[in-house]
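Enquirer: Submitted below is the structure of interest, expressed as structure tokens.
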Amino acid sequence: MDMNMVAREASQVMAPSINSLPRPVPPKATKKPKKAVLFFEVEILDAKTREKLCFLDKVEPNATIAEIKNLFTKSHPQWYAARQSLRLDPKGKSLKDEDILQNLPVGTTATLYFRDLGAQISWVTVFLTEYAGPLLIYLLFYFRVPFIYGHKYDFTSSRHTVVHLACICHSFHYIKRLLETLFVHRFSHGTMPLRNIFKNCTYYWGFAAWMAYYINHPLYTPPTYGGQQVKLALAIFALCQLGNFSIHIALRNLRPAGSKTRKIPYPTKNPFTWLFLLVSCPNYTYEVGSWIGFAIMTQCLPVALFTLVGFIQMTIWAKGKHRSYLKEFRDYPPLRSPIIPFIL
């Protein structure tokens, strides 16, 4: 027998098979411990009586105030989200719907105070109601429907051109407002207290009736300086109406649909928006200018009083918005005034 063959066979018998060797066991993958989620507890108290109204357990830290309102509504259906005001202090300011719970100066057990804002109604409904009223009321006086000026004047027409021109301007103004409400304005708040509709309608409808009664009265006398005064006033009215519309379009373009984003308004290529260089609320400036033009055109005391009251109210709104701009934006243009350049 060949010695080499014997040696080879012996080595094969003695050498362990590779397959028979134990295989190393792969280490078991260690599971990473899940990060614990820190939930919040939210206690909601009545802002007046301090009575506990609701206790919410295991609230997500990234929950918004809007979501907390919805959770609160489940236990108190009579207080839907739109009529809730939640605040950190009983006499403090209402928290915004987009505020996040974990970003508020509260601990893991948060106490919020609730105030009932009362029954709510949408802004669109309010605006459509308060603007449609003056439009229709004025036309009743213009056409001299029965029981207003006496039987002999029923459905008669004025012989003065300014009366017809005033009706066109007044109607145009409120038709414009109605269309802007439907297609232009974007509201930061969806609703307002229901009681406001009665206050607003009393103001707009009442003044519209008062103005219309005198302007369309059979004994109405035209302006002192005749056609020249009317033409000047018409030019003021038309320019201010166009300026007001231009500002509303510019403000609409600042806020994407469905958002509450706030930005600093700046002038655009439209010359009517250049008033943004000097005032924070040029839409109010143009609105007041329109009614000044209408007052000059009609030379009617009720119109002048309506313009004055409107100016006072719009000045209050303009000052409030101006303060908000200054507080929210550090780089807000310092040259701007609320409503009248360099004055107010």
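A Cβ is built for glycine as well, from the same backbone N, Cα and C atoms used for every other residue.
The shown structure was predicted, so the numbers you read here are calculated from the model rather than taken from an experiment.
Pasting the relevant annotations from TrEMBL:
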DOMAIN    40-116  domain 'TECR-like N-terminal'
TRANSMEM  121-143  transmembrane segment
DOMAIN    191-344  domain '3-oxo-5-alpha-steroid 4-dehydrogenase C-terminal'
TRANSMEM  202-220  transmembrane segment
TRANSMEM  232-251  transmembrane segment
TRANSMEM  271-286  transmembrane segment
TRANSMEM  292-317  transmembrane segment
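Where in this structure would I find these features, and how exposed are they?
Expert: Look at the domain 'TECR-like N-terminal' (40-116): DSSP puts its residues at 17 helix, 29 strand, 31 coil.
The average pLDDT for the domain '3-oxo-5-alpha-steroid 4-dehydrogenase C-terminal' (191-344) in the predicted structure is 95.
Residues 130-131, 133-134, 137-138, 140-142, 144, 148-149, 153, 156, 158, 160, 163, 166-167, 170, 298, 300-303, 305-306, 309 of the same chain, all 6+ positions outside the transmembrane segment (202-220), place their C-beta atoms under 8 angstroms from a C-beta of that stretch.
Away from its own ends, the transmembrane segment (271-286) comes close to residues 240-244, 246-248, 250-251, 265, 314-315, 317-318, 321-322, 325, 333, 335-342 of its chain (Cβ-Cβ under 8 Å, at least six residues beyond either end).
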Enquirer: By Cβ distance under 8 Å, which residues at least 6 away from the ends of the transmembrane segment (121-143) in the same chain are close to it?
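Expert: For the transmembrane segment (121-143), the sequence-distant neighbours (Cβ-Cβ under 8 Å, at least 6 residues beyond its ends) are 155, 163, 167, 170-171, 174-175, 177-178, 181-182, 185, 187, 189-194, 196-197, 200-201, 203-205, 207-209, 211-213, 215-216.
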